[in-house]
């Protein structure tokens, strides 16, 4: 097969989620709805945290950052997927592909980091409550998040620069619905040894280190809970981190359950399903998990709704009673 330099390649071709044309309208409507729900849910979390001074603490700072990352994460892949569902060619330009690789790796890395920082925040809140304000200093938290953003941007830039040196054949089809780095490397005509080493080393570090940090944090949390004599104290302590634990299980469970299954060779369909779980499903459910299990977030959302939405007085009265009820329960 004739090889062409990457500078001559103008586009790649992506796969559909389904080969059945009759399913395309249904899938388009489904993923468009999921995308809009994700955008709205995460935007509400950001607005609720930023508009309520009671939520200006490290835990909700990390939560608002996670919501921002989830908005960017799903916006990296789903809009192009929706466009291709309405297109006959299913193509993506070379520049668009590089852009997807860059931002996808950045945001998935930040998801890992933020979940780890939130686990550590829970650990400090439960195991060292008297030192919480000292350890989880707002300035330190801000610098930590900023530092990891810079690190992820640099790592993704290296991925893209290495990928930019590869050769591809004209009409190359990527076996995925978006440009995932591992799948792009598989279809290159060049030697991808260096690319693969860098990718697997970084993937291992970004997988093992955050997961180890989360497991260590929760092992200490469980140990502290077992030493508590009061049932009420145990419930309050667990409710502090219950939402985060659900999100961690959803994010890592979808990856571990599919990518690290007993199958030696993963089919293209399994890879796409795995990607949908943590690129679409997880960002969509995160706001619901945090708002349904967290009284502070529910109160903040209620107050935001009263200020923004022009509602009849009887609806505002119901929301106000709900807010007061949750405030009394938190006392």
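Cβ atoms here come from the backbone N, Cα and C positions, even for glycine.
Quantities reported herein were computed from a predicted structural model and do not represent experimental measurements.
The disulfide bond annotation in Swiss-Prot covers 97-179. Less than 8 angstroms from the CB of residue 97 (disulfide bond) sit 12, 174, 179, 184, each of them six or more residues away in the same chain. A helical conformation is recorded for residue 97 (disulfide bond) in the three-state DSSP classification.
Under the heading N-linked glycosylation site, Swiss-Prot lists 5 (among others).
The N-linked glycosylation site annotation in Swiss-Prot covers 167 (among others). DSSP gives residue 167 (N-linked glycosylation site) a coil state; it is part of no helix or strand.
As annotated by Swiss-Prot, topological domain 'Extracellular' applies to 1-25 (among others), with the evidence given as sequence analysis.
Long-range neighbours of the topological domain 'Cytoplasmic' (47-57) within the same chain, counting only residues 6 or more positions beyond its ends whose Cβ lies under 8 Å from a Cβ of the stretch, are 63-64, 136, 138, 296-297, 299-301, 303-304, 307. The topological domain 'Cytoplasmic' annotation in Swiss-Prot covers 47-57 (among others).
What Swiss-Prot records for 79-106 (among others) is topological domain 'Extracellular', and it gives sequence analysis as the kind of evidence.
Feature annotation from Swiss-Prot assigns topological domain 'Cytoplasmic' to 128-142 (among others). Taken together, the residues of the topological domain 'Cytoplasmic' (128-142) have an average pLDDT of 90.
Among the features that Swiss-Prot reports, topological domain 'Extracellular' is placed at 164-196 (among others).
What Swiss-Prot lists as topological domain 'Cytoplasmic' is 218-244 (among others), and the listing cites sequence analysis.
Summarising the annotation, Swiss-Prot assigns topological domain 'Extracellular' to 266-270 (among others) and lists sequence analysis as the type of evidence.
If you look up Swiss-Prot, you'll see 292-331 (among others) marked as topological domain 'Cytoplasmic'.
Listed by sequence, the residues of this chain that lie at least six past the ends of the transmembrane segment (26-46) yet keep a Cβ under 8 A from its Cβ atoms are 17-18, 63-64, 67-68, 70-71, 74-75, 78-79, 81-82, 85-86, 280-281, 283-284, 286-288, 290-291, 297, 301, 304. The transmembrane segment annotation in Swiss-Prot covers 26-46 (among others) and rests on sequence analysis.
According to Swiss-Prot, the transmembrane segment annotation covers 58-78 (among others), on the basis of sequence analysis.
Residues 58-59, 62-63, 65-66, 69-70, 72-73, 76, 135-136, 141, 144-145, 148-149, 151-152, 155-156, 206-207, 209-210, 213-214, 217-218, 220-221, 224-225, 237, 240-241, 244, 247-248, 251, 278 of the same chain, all 6+ positions outside the transmembrane segment (107-127), place their C-beta atoms under 8 angstroms from a C-beta of that stretch. As annotated by Swiss-Prot, transmembrane segment applies to 107-127 (among others), with the evidence given as sequence analysis.
Listed as Cβ neighbours of the transmembrane segment (143-163) (distance under 8 Å, sequence separation of 6 or more from its ends, same chain) are residues 61-62, 65, 98, 101-103, 105-107, 109-110, 113-114, 117, 181, 184-185, 194-195, 198-199, 202. Residues annotated as transmembrane segment in Swiss-Prot: 143-163 (among others).
Summarising the annotation, Swiss-Prot assigns transmembrane segment to 197-217 (among others) and lists sequence analysis as the type of evidence.
Counted over every protein chain shown, other Cβ atoms within 10 Å are most numerous around 179 among the recorded positions 167, 179. For the topological domain 'Cytoplasmic' (128-142), DSSP puts the residue distribution at 12 helix, 0 strand, 3 coil. For the recorded site, residue 179 (disulfide bond), the DSSP three-state label reads coil.
Helix, strand and coil counts from DSSP across the topological domain 'Cytoplasmic' (47-57) read 8 helix, 0 strand, 3 coil. For the topological domain 'Extracellular' (79-106), the residues of the chain that approach it from at least six positions outside its boundaries are 6, 9-17, 24, 27-28, 31-32, 35, 72-73, 152-153, 155-157, 159-160, 163-164, 174, 177-181, 184, 279, judged by C-beta separation under 8 angstroms. Outside the topological domain 'Cytoplasmic' (128-142), and at least 6 residues removed from its termini, the chain residues within Cβ reach (under 8 Å) are 57-58, 61-62, 117, 121.
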